[in-house]
Amino acid sequence: MSEPIRVLVTGAAGQIAYSLLYSIGNGSVFGKDQPIILVLLDITPMMGVLDGVLMELQDCALPLLKDVIATDKEEIAFKDLDVAILVGSMPRRDGMERKDLLKANVKIFKCQGAALDKYAKKSVKVIVVGNPANTNCLTASKSAPSIPKENFSCLTRLDHNRAKAQIALKLGVTSDDVKNVIIWGNHSSTQYPDVNHAKVKLQGKEVGVYEALKDDSWLKGEFITTVQQRGAAVIKARKLSSAMSAAKAICDHVRDIWFGTPEGEFVSMGIISDGNSYGIPDDLLYSFPVTIKDKTWKVVEGLPINDFSREKMDLTAKELAEEKETAFEFLASA
């Protein structure tokens, strides 16, 4: 057995965490021979609920779970971390402007970034889930100057999985048969789900998605809006935001960081845009197609970008630049 790793989940009394914690504890994310010390952080009013979650994790009697720590104190939560999954954020309330949401979250992620900087291992991998995820991730990274910015990523894997699922449903195959879809940009309704480079396995051979579907107007229209608005559709139907699918996407994202991506396959994640070859401005936290090896991501280079894609990629970059500007004004005054 290897040494236990310390894994933090914030917002640990919430819906997403409730769907996520069992998968982390049972070896689905870090492997079946990796012991784990699981650290659960939430705000003080949630500590009663968190106690219940702690009891349930104990009652799961998971052999890999060496310890579970529930706390509302950052100096305990962020100590010596190997992995931080930042799920907790201020949710958007009715009538709340996106700007107000940004302001509340800048405060949270500035504090958590500073706590990572002060207490966590410098090799910590930080995954931001709480919305607005891209800008929250950038805020945390800026507030943790001693941790390499490449160690920070935000979740667009849920959008990626949603795109795969839509293509699979349309073609009557399983999601497994679809690969190399891309989510460009922000985890918001401006994201651009791109299947120009995606492949699908049909009758044992790989075909381009455009060629397989022969329905360009669906791919350039309804498909894109369905993926962009899927989160809102789930809320409308379930009266709660996506939790099971979000937790599954977090597992996929973190597992790929840990073990790498399969040969010939790429995935989507929000990462720092510095030095990219797709004309996206530097210093944005933008979702790109990446491959991962030895816990290090690399942007997939050289994919041809048509005019339709270019426009969509620039639009979501513009939104991210505006969010960043607003967040940094708050950051300066926070």
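Think of each number as a place in line: the chain as shown, counted from 1.
Every residue gets a Cβ built from N, Cα and C, even glycine.
Among the features that Swiss-Prot reports, active site, proton acceptor is placed at His187, with the record citing similarity to another entry. What Swiss-Prot lists as NAD(+) binding site is Gly11, Ala12, Ala13, Gly14, Gln15, Ile16, Ala17, Asp42, Asn105, Gln112, Val129, Gly130, Asn131, and the listing cites similarity to another entry. Sequence annotations record features per position, and here Swiss-Prot assigns substrate binding site to Arg92, Arg98, Asn131, Arg162. Residues or ranges marked as N-acetylserine in Swiss-Prot: Ser2. Per Swiss-Prot, the feature N6-succinyllysine maps to Lys110, Lys214, Lys298, Lys318; the stated evidence is similarity to another entry. As annotated by Swiss-Prot, N6-acetyllysine applies to Lys118, Lys298 (among others), with the evidence given as similarity to another entry. For Ser217, Ser241, Ser309, Ser333, the entry in Swiss-Prot reads phosphoserine, with the evidence type similarity to another entry. Swiss-Prot lists Arg230 with the feature omega-N-methylarginine.
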Cα separation, Gln15 (NAD(+) binding site) to Lys118 (N6-acetyllysine) (Å, whole number): 28
Residue among the recorded positions Ser2, Asn131, Ser217, Ser241 whose Cβ has the most other Cβ atoms within 10 Å: Asn131
Cα-nearest neighbour of Ser333 (phosphoserine) within the listed binding-site residues, Gln15, Arg92, Asn105, Arg162: Asn105
Ser309 (phosphoserine) versus recorded positions Gly11, Arg92, Lys110, Ser241, Lys318 - nearest by Cα: Lys318
Inter-residue C-alpha distance, Ser241 (phosphoserine) and Arg92 (substrate binding site) (nearest angstrom): 11
Which of Gln15, Asn105, Ser309, Ser333, all recorded positions, has a Cβ with the fewest other Cβ atoms inside 10 Å: Ser333
Cβ neighbour count within 10 Å of His187 (active site, proton acceptor): 29
